[in-house]
Amino acid sequence: MIGQITSGLFGGHDDSKKVKGTVVMMNKNVLDFTDLAGSLTGKIFDVLGQKVSFQLISSVQGDPTNGLQGKHSNPAYLENSLFTLTPLTAGSETAFGVTFDWNEEFGVPGAFIIKNMHINEFFLKSLTLEDVPNHGKVHFVCNSWVYPSLNYKSDRIFFANQPYLPSETPELLRKYRENELLTLRGDGTGKREAWDRIYDYDIYNDLGNPDQGKENVRTTLGGSAEYPYPRRGRTGRPPTRTDPKSESRIPLILSLDIYVPRDERFGHLKMSDFLTYALKSIVQFILPELHALFDGTPNEFDSFEDVLRLYEGRDQLPQGPLFKALTAAIPLEMIRELLRTDGEGILRFPTPLVIKDSKTAWRTDEEFAREMLAGVNPIIISRLQEFPPKSKLDPEAYGNQNSTITAEHIEDKLDGLTVDEAMNNNKLFILNHHDVIIPYLRRINTTITKTYASRTLLFLQDNGSLKPLAIELSLPHPDGDQFGVTSKVYTPSDQGVESSIWQLAKAYVAVNDTGVHQLISHWLNTHAVIEPFVIATNRQLSVLHPIHKLLYPHFRDTMNINASARQILVNAGGVLESTVFQSKFAMEMSAVVYKDWVFPDQALPADLVKRGVAVEDSSSPHGVRLLIEDYPYAVDGLEIWSAIKSWVTDYCSFYYGSDEEILKDNELQAWWKELREVGHGDKKNEPWWPEMKTPQELIDSCTTIIWIASALHAAVNFGQYPYAGYLPNRPTVSRRFMPEPGTPDYEELKRNPDKAFLKTITAQLQTLLGVSLVEILSRHTTDEIYLGQRESPEWTKDKEPLAAFDRFGKKLTDIEKQIIQRNGDNILTNRSGPVNAPYTLLFPTSEGGLTGKGIPNSVSI
């Protein structure tokens, strides 16, 4: 034992004893692969032992010289390492001994202070006191980076895992609790540094770069009635030179260094996987482009066989000096991942699920409709409740935007029913992208995009599947918006050129749906709206607060992935602008859609009822009855929703038994006030916000937060590669309008419909970029933590919540079995469809990689 053990702590008391503890730490790393100079492994810890001190804080014995605060023990220091928990490489965990003096008066420690006098930071995972007399084991869950003490303005403090409501906090810990929250809030000034732990808000004024010219200017989102938006994390970077209201951007090469509070950054395994997947995608992206240089039609796929070559046949590794130089520059861990032998080669994209069983089934009408219920964007379809469909756009600004679909277009496909009869029998549904797209369509079509706003009507057949009836494609009126639109209606056909036109009509719908999915269903409704909850929770709820402990796992990595997205995905000229049809108007469009965002409607039952695909029914298991019984997303989702709500109800009910306890919780009230007035401040005056006056309002709100962060995000994210990895199925852009009779394009459509289709949808370069992106986003990292799991089994000391969490996990296991059973039921045709792709996006658990299943706790990718 080489650590220094101090004595004489208690001023001459002879009843002092030794309390032994175990500290688990992880060494520093830079790119989360190698940083031997900063490593805190092996012999370096022999020196470090004297440079990391721990002081316990009593929760029962006060310090008369320190006001109403708990007494500190004398410093104790790290001793020799006990064991290494993982292989001794960058990112490994090592356990160390530490010994404290203790006596009866000191009682149970409620917190400890750590001081790092070393030159490098390290990751502190936990401290466990093995046997505090009369109290047993005391566990401190830390999971935090500790920088050298000179970087901090106040002590680093960690609390034991016993939760307390503010009013129940031991008096001697109260000041520490309050001061820690003040530290995390900061003062709203200055540029944030890597070691900062400050959570603060800002508007989206960092998407553009006006210093690089007008084409790189982007609208500021948030802080205005015209473009409202959820708040993001503040970085404090200086303004641009040309626009003092725009925040400057960091160089692309430094993208990984964009500020988020240090403990919000990806862990070492997550960063390793993330960078590896990105490198694989870059290689997969570049090689076909090199081949295209020698192609007669560069940047075009000439046939579907050309597209399929992305996934087949290019496994042979290249040789020569270029490849050797590339591999020499890549860290060892990445090379192992890149060259692994699990069937995914570096030089080809994995075969997407939608074409794994059949190369052509994706083109069927049944699959086109099924993906509205079980694909990557199953949250848009709604029941048709008026015919013809009417627009909600202001007629003074946009003229007549109502649908031109008539009964004559569809009544021959309604199994003998009239339109009114079909509507009254809940048989008619609509995929409606018209009102979202029309206000921007004139501007969008001035770019390379040439597309329409679409409405698709569908009929619910007796076998439970949906049948497309008609597609309406609309353009802004050439004489001006006030004159409405020009529209054309297309109906199904399987004969001649009309069949090819119908396939193109479905492609235009898919372009609409893909853009709406990526910007609204995915980015806005999960990533963007959840970030204010992350910030407010850390600013207003102490780590001691039970609700902080409830929600904390559902915020893991969200600020990091969102910051990365602002840097390289949703920024001006970023990957998203380069791949979706909305182009440079994408984020601005999402701000307009946010005007209609309603927090209580994000609850799954409320969403289903609002879209008319379910009705309230107290006799149904989840309080609603589905009008499409075989609706995989809704069926599985309601099971998950119910499990989450039961867990949250059990948990919250343990701490709050009355309205009064909710109202007197000053941290809880400050949290909810800040969420409404700052985090989602552009909607602070909306009447629908829960008032947070009752336990039920807390339960409902926390259930919705967890649902958004976990299951909703899983449903709209991890199916991206399985369905959109094959771009003809979900094209992101259309480059020319529907061919008109008598034109060369129409003749080409008759002569070579496949080539005409491919020349209409996403070009080769955009396809490769888009497929590379969705492959990265669809992968689970190897350190993912799924719904029903926790990073530490010691996350709380309270036994009843631990038992409730165990029940939650068992319920999720039961749901997995039910999903497997439903997917094996041949009567439920929408579960797998013509492409034979079983619906598993709400299957709770998964292994790492491209699995098409698994619900991570948080918006983590």
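Cβ atoms here come from the backbone N, Cα and C positions, even for glycine.
Non-local contacts of His527 (Fe cation binding site) by the CB criterion (under 8 A, 6+ apart in sequence, same chain) comprise Thr558, Ile561, Asn562, Ala565, His713, Val859. Taken residue by residue with DSSP, His527 (Fe cation binding site) is part of a helix. Under the heading Fe cation binding site, Swiss-Prot lists His522, His527, His713, Asn717, Ile861, citing sequence analysis as support.
As annotated by Swiss-Prot, domain 'PLAT' applies to 29-160.
As annotated by Swiss-Prot, domain 'Lipoxygenase' applies to 163-861, with the evidence given as sequence analysis. Mean pLDDT of the predicted structure over the domain 'Lipoxygenase' (163-861): 92.
Remote same-chain partners of the region 'Disordered' (220-246), defined as residues 6 or more beyond its termini with a Cβ less than 8 Å from a stretch Cβ, comprise 188-192, 198-211, 258-261, 264, 528-529, 531-532, 534-535, 559, 562-563, 566, 587-588, 590-592, 594-595, 678-683. As annotated by Swiss-Prot, region 'Disordered' applies to 220-246.
The Fe cation site, placed at the center of the C-beta atoms of His522, His527, His713, Asn717, Ile861, has further neighbours from the same chain whose C-beta lies within 8 angstroms: Trp523, Thr526, Ile561, Val716, Leu777, Val859. In the region 'Disordered' (220-246), the DSSP tally of helix, strand and coil residues is 0 helix, 4 strand, 23 coil.
DSSP gives Ile861 (Fe cation binding site) a coil state; it is part of no helix or strand. Of all the binding-site residues given, namely His522, His713, the one with the smallest number of surrounding CB atoms inside 10 A is His522. A sphere of 10 angstroms centred on the C-beta of Ile861 (Fe cation binding site) encloses 25 other C-beta atoms.
The Cβ of Asn717 (Fe cation binding site) has 23 other Cβ atoms within 10 Å, all protein chains considered.
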